[in-house]
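S.K.: The structure follows.
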Amino acid sequence: MMRMCWLVRQDNQHQRIKLPHLEAVMVGRGPETKIIDKKCSRQQVQLKAECNKGYVKVKQVGVNPTSIDSVIIGKDQEAKLQPGQVLHMVNELYPYIVEFEEEAESPGLETHRKRKRSGNSDSIERDAAQEAESSTGLEPGSDSSQCSVPLNKGKDAPTKKESLGHWSQGLKISMQDPKMQVYKDEQVVVIKDKYPKARYHWLVLPWASVSSLKAVTGEHLELLKHMHTVGEKMIADFAGSSKLRFRLGYHAIPSMSHVHLHVISQDFDSPCLKNKKHWNSFNTEYFLESQAVIEMVQHAGRVSVRDGMPELLKLPLRCHECQQLLPSIPQLKEHLRRHWPK
């Protein structure tokens, strides 16, 4: 019985790639992956399968960002890719998963294969999409316990217009969809986060094309102020009667290409809050306060993000109210109940 590992493109654009045990395999732009995007290096990642341990070591070799579950690995840095996680080759594009199989040869019989997956294919795509932060049709204040997402499969799956991105395209479409809009004016639109990490979780997006915080200049100062004002309006209009505390801010390294302001209640009462990366993205310096961003642009004309931000996502789980350390997400969630308003 021999264990094998395969790299599988989720949109089935090419045949799966074999990753031999402990053998370094370079993957990137080229005929094998059918990736022609020049932002993807020919040697974008180095993959080394640990077949006995059930994961793949991923080293980002290319300049542009490679991510696992929307967390950027970083140039010359390594991360583990496990079954159920999604590797985006570059710039949140070209999604891959890994599959482990046990192969046994029997005389006169075809090779018998058992595929090891973390859940079914639907759950894999659903978890991958969670980091995309696109919108949902839920009404403000409605039950956030439903974290399902309709899936595009087969010929209906988006394979063209790759410049928009596999997941970011969904966000831009949601901005334009009246059913998804909670509020809009001439400058911004507000949509409900598709995978809310708390009872209330909105995204405020400008109509103007601003790719990320790195693209923000002094010319965007009034827009940032307006986005903040609209975020406060959402709290007043839809959560004013609650005693919940809110924060407004941006992820230092967002998973989406279109800049967006998070407006999120501090209860973190949501089944979509599933792992340490989710928690730390909102409860460490990875989450940049909206007012702090405004002040940076006001004084320096740009937003500065310090090095080492991805490492913050790996920090131990710590309660944001009392600073107590918790060993797991379920225990953290149980602990948070004591801090909810009575």
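Glycine is treated like the rest: Cβ placed from N, Cα and C.
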S.K.: If you look at how Swiss-Prot annotates this chain, which of 10-15, 28-33, 112-117, 118-123 comes out as motif 'Nuclear localization signal'?
M.R.: 112-117
S.K.: Please identify the range among 193-197, 298-302, 333-337 that Swiss-Prot labels region 'Interaction with DNA substrate'.
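M.R.: Of 193-197, 298-302, 333-337, Swiss-Prot gives region 'Interaction with DNA substrate' for 193-197.
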S.K.: Quick one: sort out which of 41-63, 317-339 is the zinc finger according to Swiss-Prot.
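M.R.: Among 41-63, 317-339, the range Swiss-Prot annotates as zinc finger is 317-339.
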S.K.: For the motif 'Histidine triad motif' entry in Swiss-Prot, name the matching range from 178-182, 258-262, 278-282.
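M.R.: Checking Swiss-Prot against the ranges 178-182, 258-262, 278-282, the motif 'Histidine triad motif' one is 258-262.
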S.K.: For the recorded sites H251, K277, which one has its C-beta crowded by the most other C-beta atoms within 10 angstroms?
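M.R.: Of the recorded sites H251, K277, the most buried by Cβ count within 10 Å is H251.
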S.K.: Counting distance between Cα atoms, which of the recorded sites H251, H262, K277 is nearest S174 (site 'Interaction with DNA substrate')?
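M.R.: Closest recorded candidate to S174 (site 'Interaction with DNA substrate') by Cα: H262.
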S.K.: For a quick check of packing: other C-beta atoms within 10 Å of the C-beta of H262 (site 'Interaction with DNA substrate'), how many?
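M.R.: For H262 (site 'Interaction with DNA substrate'), the 10 Å Cβ neighbour count is 25.
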S.K.: Run through the Cβ atoms and count how many others sit within 10 Å of the one on S174 (site 'Interaction with DNA substrate').
M.R.: 22
S.K.: Return the average pLDDT for the zinc finger (317-339) as a whole number.
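M.R.: The predicted confidence over the zinc finger (317-339), as a mean pLDDT, is 96.
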S.K.: According to DSSP, does H251 (site 'Interaction with DNA substrate') sit in a helix, a strand, or coil?
M.R.: strand
